[in-house]
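J.: Per TrEMBL, the feature transmembrane segment maps to 17-37, 115-139, 195-215, 222-240, 299-320, 354-374, 395-414.
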Amino acid sequence: MGEAGVVRLPRPNNGDLIAWGVLAAALLAPLPGLIRFTGPPMEEGFMLLFPQLVAAGKVPNVDFLHLYGPGSLWALAGVYKVFGASLEVQRLVGWFQHGALVVGLYTLIRPWSRLLASGVALTALVQVITPVGLTALAWDGAIALAVWSLVLATASLDLQTAGPDLTDADISPPISRWVRWRPAIAGLLGGLALLYRPDLIVAIGLSLGLMWWLMAGRDRRLLGAGVAAGVAPMLIQLALAGPARTINGMVLDPVLRLRGGRSLPSPPSTTELASTLQRAAALRTNGWPLPQLSPPMQVAVWFWALVLGTLGVIGVAAVLWRHRNTPRTARFLALGALAVGVLPQALQRPDTTHLAWVGCLTLPAVAVAAAELMRSKGWLPGEWRVKGHLIDANSANRFAPAIIALVVGGGLVMSAPQYTSRAYIDLVGQSVGINRDAIKVSRGDRHYYYGDHQRAADLQAAIDMLDQRAKRDQSLVVATGDLRFTPYSDAIVYWMFPELVPGTYFIEMDPGLANRAGNGLATDISNADWVLQTRFWDDWDEPNDSANPGDPLPNEVLKEKFCVVGEWDTVVLSERCR
């Protein structure tokens with residue numbers, strides 16, 4: 001409240017501008033390196049290809065396997081229509097999603113402290129930007145949308161809490177139309193997050209459900225209507241694919257059939273890395289000047305920090321629940337609910353990618369829990385002096401939040417540098433030409449980057465041969481070396497040949513899905529014109545069902561109907577026998 005009972009809405013000051021500058025610099029510094037760095041060829045392949053298939057009239061769960069909601073594909077289809085479907089455009093969308101998350105966290109946490117908000121936003125950044133680079137994944141987009149949904153919902157709740165009976169004359173500056181409709185936009189963003197990732201239903205249901213409960217009157221109705229509007233386009237997917245195929249592709253496949261082939265032991269081992277891709281990432285070590293734990297121990301410490309941090313958030317929420325109608329406590333509870341709701345991602349597959357996906361919310365929630373507990377309990381209210389000099393008249397304002405940010409953020413980057421701070425510094429170095437060793441594989445104006453010289457050379461040779469021999473509108477299947485095992489695929493090759501038709505439903509290959517008996521892969525291969533097999537993933541070794549051989553029929557069909565026209569150490573190209 002300002003003078004004469006007037007509510008003064010906060011405005012950014014010079015300190016905020018400096019913080020924005022720091023966040024912008026942290027986002028921009030690794031960007032050139034990330035644009036030219038090797039990435040996950042299956043994920044980037046389908047995030048480049050699927051939106052183009054959708055734009056051409058193909059339907060997820062009917063024409064190709066897609067385990068998530070259609071929202072990200074529709075959004076990317078629009079982006080590609082305007083800017084083109086290039087690797088750089090796709091990665092810039094991924095960078096924008098990371099930036100939206102980081103800026104959203106800063107905005108959400110800013111009421112406690114600029115230092116706290118900056119520190120936890122940077123902590124989130126070094127987690128999300130390192131595991132899979134700038135791949136425009138649905139998860140990253142959904143989390144960014146969810147965080148901004150809370151930013152707008154909590155801002156509306158702040159105004160409502162300041163005085164539900166206030167008139168426009170009581171508020172400076174006056175309420176704009178945007179502010180009046182802010183709850184609806186908050187709900188819309190939450191609904192769109194579900195359109196990207198329906199499996200976020202628990203996390204978004206908890207956080208926005210809390211906001212809906214705390215709101216009243218028109219704001220509550222607008223929030224609910226916004227969520228309904230955001231998720232309503234799912235009806236289009238249901239109409240196009242049919243309820244059975246939609247449920248099969250977005251619920252049964254990822255939740256029931258895929259879990260056995262993707263889950264990893266939880267808690268993770270402290271002596272060995274269970275994830276194949278994680279072991280590959282651990283091979284890139286460009287030096288770290290400080291003592292560090294072994295890579296498996298780093299993963300284990302990170303995992304337990306998230307589990308114990310979540311329990312801590314729940315505990316603080318229980319202590320502060322009676323203050324839930326106060327603005328800052330409501331913000332903490334909303335962020336904490338979102339963080340608690342995503343924890344199962346880390347429990348089912350505790351590799352660095354999933355730990356980062358969860359940690360970008362959990363660790364900020366832990367920091368906010370500590371800050372809000374101190375504030376509400378009146379801890380550290382006195383002066384902060386160093387050698388007799390007054391630094392802060394109320395140490396709870398700056399000193400405590402700074403220490404919290406340092407402990408949470410510094411604890412992560414020091415305990416798990418291989419996958420956070422060291423990886424981030426490596427990417428910044430690559431941006432200025434240091435240790436840049438990705439190898440380009442290209443066809444025309446389309447290219448991709450691999451980290452292994454032999455694999456890149458073999459794939460380039462196969463692409464060149466396919467380019468010379470294949471005819472427009474022929475069908476291509478990109479597969480593993482042994483089709484009984486389908487842990488991964490180099491789907492990026494499909495994108496490099498836009499004039500060829502993807503010859504299988506399983507553009508994305510997953511254990512328990514692509515190699516399941518009777519699923520149609522053998523028929524797809526039987527009808528294809530070309531099969532390109534990469535042996536890159538033949539040594540895939542994880543303690544789950546991906547090690548179990550699947551249907552042998554696709555191998556038999558391939559042997560019977562196809563002739564090898566090119567074979568290298570790690571790639572085989574076969575054409576239907578004439």
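For all residues, glycine too, the Cβ spot is worked out from N, Cα and C.
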J.: Mind pulling out the one from 17-37, 222-240, 395-414 with the most Cβ pairs under 8 angstroms to the transmembrane segment (299-320)?
T.: 395-414
J.: Looking at 17-37, 115-139, 195-215, 354-374, which one has the highest count of Cβ pairs under 8 angstroms to the transmembrane segment (395-414)?
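T.: Per the Cβ under 8 Å count, 115-139.
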J.: So which residues does the transmembrane segment (17-37) touch in its own chain, when a touch means Cβ under 8 Å and the partner is 6 or more beyond its ends?
T.: 88, 91-92, 95, 98-99, 102-103, 106, 114, 117-118, 121-122, 125, 129, 133-134, 424, 426-432, 436, 438, 449
J.: Cβ under 8 Å, sequence separation of at least 6 from the ends of the transmembrane segment (115-139): give me the contacting residues as numbers and ranges.
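T.: Contacts with the transmembrane segment (115-139): 19, 22-23, 26-27, 30, 34-35, 37, 39-40, 43-44, 47, 68-69, 71-72, 76, 90-95, 97-98, 101-103, 105-109, 196-197, 281, 352-353, 355-357, 359-361, 363-364, 367-368, 371, 398, 401-402, 404-406, 408-409, 412-413, 419-421, 423-424, 427.
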